[in-house]
Amino acid sequence: MKYNKINNLFGWITGAIAYLVYLKTMEPTVSFWDCGEFLSCAAKLEVGHSPGAPLFMMMQRLFAIFAPSAATQALFINSFSALVSALTILFLFWTITHYAKKLLVPKGEEVTGEKMALIMGAGLVGGLAYTFSDTFWFSAVEAEVYATSSFFTAITFWAMLKWENVADEKYADRWLVLIAYLIGLSVGVHLLNLLCIPPVVMIWYFRRYAPTVKGGIIAFLVSCVLLGFVQIGIIQYIPKIAANFDIMFTNSFGLPFDIGSITFVLLLCGGLVWLLTWAKKKQHVMLHTGILSVIFIIIGYSSYIVPVIRSRAEVPVDMTNPDNAFSLNSYVSREQFGSQPLLTGPDFTSPMTSVKETGKIYTQVQKNGKDLYEETGVKREGVYDPATTRFFPRVWDGSEGHASFYRSYLGLAEGQAPTGADNLSFFFGYQMNWMWWRYFMWNYAGRQNDFEGQGDAKNGNWISGIKMLDKGRVGDLDKMSDGFKNNGARNQLYFLPLILGIMGVVYQFNRKKKDGLIVALLFFFTGAAIGIFLNMTPGQPRERDYAFAGATYAFAVWIGLGVIMVYDLIARAVKGYPAAIGATVLCLVAVPTLMAKEEWDDHDRSQKRLAWSTAYNDLMSCEPNAILVTFGDNDTYPLWYLQEVEGVRKDVRIMINTLIGTEWFIDQLQRKINDADAVPMVWKRDDYMGSRHEHIRYMDSHKVPQDKYYDLYDIVKFMCTKDGDGGQDGEGYIPALNVFVKGLSKEELIKKGMLDAADTGAIINEMKFSLPREGMYKNDVTLVNMIAENAKNGWARPIYLSGGFPGNDTYLGLHDYLRQEGMVYRLVPYKKVPTAESKQVGMNINLNKSYDLFMNKFKWGGGETNTVYFDEKNRVMMMAYRIYASQIADDLSAHGRNAEAVQLLDKVKAGITSHAYYYELTTFYMAMSYYKAGAKEKGRDLSLALTKNCEDDVEYMLTLDDNQREYLSRDIRNDASMVNTLASTAQTAGDAEGAKVLNDKFQAIYNKVKGSIRQ
């Protein structure tokens, strides 16, 4: 009893330390990536992206209820992540002490004081090491699923260890039922938690049977089958069978929607109850426990009824619209995101020979007053030449960007097909090393910086902090420029956590091999196995270390057990309590304390509000009742948060480019949401249901002259409505590529805020552009639908594009018709043309509005201080402010408003300090803008500061070996080019002194790099 009390006490103390750390460092409001979506969905129980996290949403909602105001809901929800992360540390502590006790105390013996201290020390060191680990700490202070996912991993594994302790008692199997329930609940958070199943099964096998090699292999295979049964048989097939029942009952029996699904659920429940009763009657204990476990997994999984209910309420955020069994099946199966080959599949060079049908798409409709599922399309996937497919494909994605990376990485010539050896080379070198082992080493060896790299020496590597060992791999880091050298994520752990963990591995395997195998199994399935399953392509939009948090959790168990080995070494010289206390203190200082010191600055988000500020600034840039087209997570989800949680600018309609090609999202655009009116469209629901008009091709019928321009409205109506299918079986076609949109008079443009009254520049008063010859996918078709209908209505709604819109070549040629207003671009029905005086076309910028927004309305999210750390993705969002400010300042200068241009640049320079975002390419634009505005000294100062960084970068890259330096040769050329251009700009601006200094520095750089890279 004494041991249990002390174990519980120290566990809660360790968890409390973690909780205080996370509360102190958590973000006070919305952050980037999916957090804005999760906050929006939690606050109002809305429907997030597939496969959803309904239990997570409900748990977050519970915390949101207690927030005193809408503005503090994010704070309370973030504190939920802090709490479950602290509870994860609590269960980790008890997991470590469980294994430590087994190593130190024979079964049935009392725990002595010395061993008690050592066991508690092991739990404390391992628990705090994980508390301060890079990946886990990042997720613990924001509203993401990964903190709660880690909690379910921890409690499930701990519960199995509790069963192990009492396995011979009468009611021990209650723990197994609890574990099944936890697994079912965890499905409503993240599917990663299912990876606990194999180690849980192995614990059961080792406890119930005398282990043999054959028995161990069979148990492992059974665990994999059980994992597949839950993942596919329960999670995917329950809604799939329910959907098939529903279509049969509706279309064949004439019954209303949902009767078939309800009937299936009742039959499933009845069948399970009957099986349970039969197993009990026949005294099949194992079968009875198994059926009971399946029932509790399904009970936990039942949280997925929530998105169905909320989707039917037509909530503003309703991703995939899972309001029936069919759409729920697509939702939980992640059909929106596609799939990747696992065991067999094509190489990126494999030719697609045909397309096969993999399923049908059904839509709920009413005909003649009766419910009906109408077939509105088919699901398809490509079929590849069998001669070019292989076992275990790793270089499989043939998209242009990925194919070029594969060729570069593997040294393949254009047209050369990869071999099996090439696939394995990419697997071990990139997928296992770069996309898994590197992340692991970040946590327990050290991290170079937070720049996302693709294998180069400069960005995102793991390091140790031991210069002699690091220099050969990543160069002399002390010669890097300040933005790299002093990067907050440069964490030097000197291998100490890794070494202590390896000591724990050795100690456990030497004394308790079965326990070591179980922890190793958890480490494998939550680490390398995920890398194998994900089969990741290069150039991921963000670092994926969060996917491997379970592996760093498992290794933290070994870090804790490493304390015992340290004790054994110390005990050779010092006996008793001093050895136990000494080992604990030594390991606490060498590992968790060092980790906290190194990691604190880049994990403290307590003053950061950048995501909130960027969303606020985007919304404030829009006119009332606007439509804002966004292009990515980070320029969409924070907007949702501000609108749905804090109620800011609910009149602006968010239209997500990546989703506007889906039936369910177009449905939502057709109705009013909050204060935002429906989006005007030419087509009706019958025109876009299912796979209709998924891709509209161009076809020259020779009946329509191709050298003329046609009204976009007429073309849209022809190509994608029932009236215009042209006998193409409902698919439609583009009859002509050249289109125009009628403009407005200058007076109307001024009245609608599209043109300044004082603007005397020449304009062409209509839009002319060409549709893509290769045809259009549904997202682009939706966009031109909206433009055509809005133009027909006299441009009643302002249409904006966020700053992340694609380039001119890929975005319908609309670039000439975009007008910058603050941080967004407004689509306008006219184009500026060169005047006789200027002979050049400047950017179309609403100068007065943009100047006012930057000077008086925009927020900076902590960038104006020198105390907040911003990681790379934060800095990417800041990048736009410097670029846009330079564009506006240049236009102000061109209009003779030099003083305002300088004021604007000063404002941005103060709002985004060099501490928040170091000086790089975007500063280059600002320096040139200062010169153009006549502020020579400010231009020179900024140029010299930037040049210093360029000089340091070049010095660093010259410390790399030839191959590494050649890989970064573009960076070297860019640095030299920037300095040369700054020197020329200074000379043109009349700053002879600055020009000479800059030119001398350019010559020095040129002389250093000459001959060191290929020209």
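Every residue gets a Cβ built from N, Cα and C, even glycine.
These come from TrEMBL:
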- 63-96: transmembrane segment (TRANSMEM)
- 116-133: transmembrane segment (TRANSMEM)
- 145-163: transmembrane segment (TRANSMEM)
- 175-205: transmembrane segment (TRANSMEM)
- 217-239: transmembrane segment (TRANSMEM)
- 259-278: transmembrane segment (TRANSMEM)
- 285-306: transmembrane segment (TRANSMEM)
- 493-509: transmembrane segment (TRANSMEM)
- 516-534: transmembrane segment (TRANSMEM)
- 546-570: transmembrane segment (TRANSMEM)
- 577-596: transmembrane segment (TRANSMEM)
Tertiary contacts of the transmembrane segment (516-534) (same chain, 6+ residues out, Cβ under 8 Å): 99, 153, 157, 192, 195-196, 198-199, 202-203, 206, 220, 340, 342, 431-432, 435-436, 440, 505, 508-509, 544, 547-551, 553-555, 557-558
The transmembrane segment (116-133) vs the transmembrane segment (217-239): 3 or more CB pairs under 8 Å: no
Residues from the same chain, set at least six apart from the ends of the transmembrane segment (145-163), whose C-beta lies under 8 A from its own: 34, 38, 53, 56, 59, 80-82, 84-85, 87-88, 91-92, 94-95, 98, 136, 139, 172-173, 175-176, 178-179, 182-183, 185-186, 189-190, 192-193, 195-196, 199-200, 203-204, 207, 522, 526, 546, 549-550, 553
Sequence-remote partners of the transmembrane segment (63-96) [C-beta within less than 8 Å, at least six residues beyond its ends]: 7, 10-12, 14-16, 18-19, 22-23, 26-30, 38-39, 42-43, 122-124, 126-128, 130-131, 136, 139-144, 147-148, 150-151, 153-155, 157-158, 161, 553, 556-557, 560-561, 641, 645-647
Stretch in 175-205, 217-239, 259-278, 577-596 most in contact with the transmembrane segment (285-306), if contact is a CB pair under 8 A: 175-205
